[in-house]
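Each remark here refers to the structure printed beneath this line.
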């Protein structure tokens, strides 16, 4: 009942409007357009500006007639601005100057105009869509829109010629349809680009003479889509190839990167090479250290690092060091010097000589050091007999003592004690160094009435032989009986 009432009121309005005026005016636009009261025509809505986050997945939004496109960020859009071939009067048909496809017929019901546009889907979720609309109007300028599926559509006159905007042509159904410039070969894309036809959804509100076509890079960047290279991807025209970081090489599949064993392929290390993932490191043998180039090895002078490595002398050698000892010594445990006892090994002493070993050497001394009138009574002791008249003016006994003193011996140091073997009453003993102390290395200190100590007061340098003559004089104070 409500529907019938509405149709009745509409019919009355149309009849009444036929009596007032015949001017046809459009104040409503198709989807994707809005009315511009200044220019008195429909203008495109910029969805990219008003729709938040219109495109997903890193795509860029490109506004288009009646909709928008979601294209890759690398896409290039070429706008072909051609001059209008012919101005279309504003009052003609249903607005052909606004890129509309229209057809007219007269009758009691008024004038009917039909606009048709196709819908297209583009990559990235963007879309271009517009509903086909059918418009009826009368002389009272009352406008109503009906869905194209409405069975009450007004038939189209197939013999009527319409004028289409640039980029469109009349179809066999007397509507303006898009010209596929890409198929026709009339596009302006370069040889290294691929043409994608952009079909305008509804040419009703398109500016005259403007046509768009999309020219995209013909070469797809395979580096942005799977399967990815293991390490680095290089895009080339129409293809791609994989590269590896330094220290790696491509496997047989030209995709995976495998480690290069530099120690086997091209060993640059001077001594030891250790392969690690993507590189290698050099190390040196004991006694060497890496040079500044991290490849070669330089000898470490251990003798300069410490003065306590060897007891006597340190000798640097390639990659190591060795200790040396003075003549008459041998190296023990690599660093310590030990005296060689030549008297126990090999010596050149005669049968009438005895071998005396000292630090760093040996000496051959007479087995009987006593000279006439002295007689050997014990080892190294010579005694002058009292019965011999020659012994009255010379020392009664002489003792020969052989000693070995190291040159690094601390001073002052007690080294030898001289002592009277026979003690007499009413006697006085005196001690002195007769010879061999010209440089003052020794000092004789009396320790008791019958003894004295030979003291080393200066360091000795050697090897060297010192012959020191010590004298003890005993004075008998009496009483004497004759």
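Cβ coordinates come from backbone N, Cα and C, glycine included.
Taken straight from TrEMBL:
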- 223-233: disulfide bond (DISULFID)
- 263-273: disulfide bond (DISULFID)
- 219-258: domain 'EGF-like' (DOMAIN)
- 259-298: domain 'EGF-like' (DOMAIN)
- 299-338: domain 'EGF-like' (DOMAIN)
- 1-17: signal peptide (SIGNAL)
Listed in sequence order, residues with CB under 8 A of residue 233 (disulfide bond) and six or more positions away: 222, 223, 240, 241, 242, 243
Counts by DSSP class (helix H/G/I, strand E/B, coil) across the domain 'EGF-like' (219-258): 3 helix, 15 strand, 22 coil
Residues that sit under 8 angstroms from residue 273 (disulfide bond) by C-beta distance, when 6+ apart in the chain: 262, 263, 267, 280, 281, 282, 283
